[in-house]
Amino acid sequence: MSAAGVVKAITPPNIRARKGSTPVVCLTAYTTPVARLVDGHCDIVLVGDSVGMVLHGLPSTLGVTLDMMIMHAKAVRRGMERALLVVDMPFGSYEESLEQAFRNSARLMAETGCAAVKLEGGATTAETIRFLTARGIPVMAHVGLTPQAVNVFGGYRVQGRGEDAERIWRDALAVSEAGAFSVVLEKVPEPLARRITEEIPIPTIGIGASAACDGQILVVDDMLGLFGDFRPKFVKRYVELGEVASAAIEAYACDVKERRFPAAEHVFGDEPKAIKG
Ligand code: KIV
């Protein structure tokens, strides 16, 4: 809170400075009401392209467009005061050229008010990260299992087992040297995530990685039990909201069929009630 009583939002340099310090708390959000719920508890709120699978029923994140990301990011921005808002660049919006990456990232920032973007990819994305950060666009990187590359990996497998560990380690080092202010490590073996966290100078944000990471992120619908299509091992369900909602909807349907709803308190009389006093 500033002297004028205005809440000061967390910035990318604030997150960068958290290396080796208190864990960075991150969750996704895609809507204003959820943004309002998570903002006070999180350092980073990510509008992830997981929105395509979680809210739009897409089979992967590959069908998510820049316009979809902008629409959800605007909604999330309206619900936020304190956390750093980071928005995913969707598949196909940054890989073609440095200019394409800048044009689309700048549009995302200008139209949504987000303070940073997230790009998937390691060493091959480093040049883009360097180009964007040099031009005023803070970048959060994402290595390990990068879901936009699902077809290259042949599924959502753990990345960096055995000899493949060096590839992920080099990816993490490359994005950090390119100027990313933090890096998501997704679905990599725990010892590798721990080693990367010890050896690179920027905060690592784990998802299916290690408690030793500098922070953690989960998809909010996963941890609330609202997304049931599949349940990755790395998700901890803090509540089963899907089951709670399903029971409530069943109770409503019964009430309607039995004419128990609407009850007297839900309907209106002929005359407005007299105003007292
Ligand atoms: O799209 C997403 O939600 C993500 C997080 C899981 C890191 O990239």
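Every residue gets a Cβ built from N, Cα and C, even glycine.
Unlike curated entries, TrEMBL annotations are predicted automatically.
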Handout entry: Among E120, E127, E163, E166 - the residue TrEMBL places in the same Mg(2+) site as D49, D88
Key = E120
Fill in the blank from the handout: Of D49, S50, E120, the binding-site residues with C-beta less than 6 Å from an atom of ligand 1, in sequence order, are D49, S50
Fill in the blank from the handout: Students should find that the Cα atoms of K118 (3-methyl-2-oxobutanoate binding site) and E186 (active site, proton acceptor) sit apart, in Å rounded to an integer, by 13
Handout entry: Length of the line joining the Cα atoms of E186 (active site, proton acceptor) and D49 (3-methyl-2-oxobutanoate binding site), in Å
Key = 14
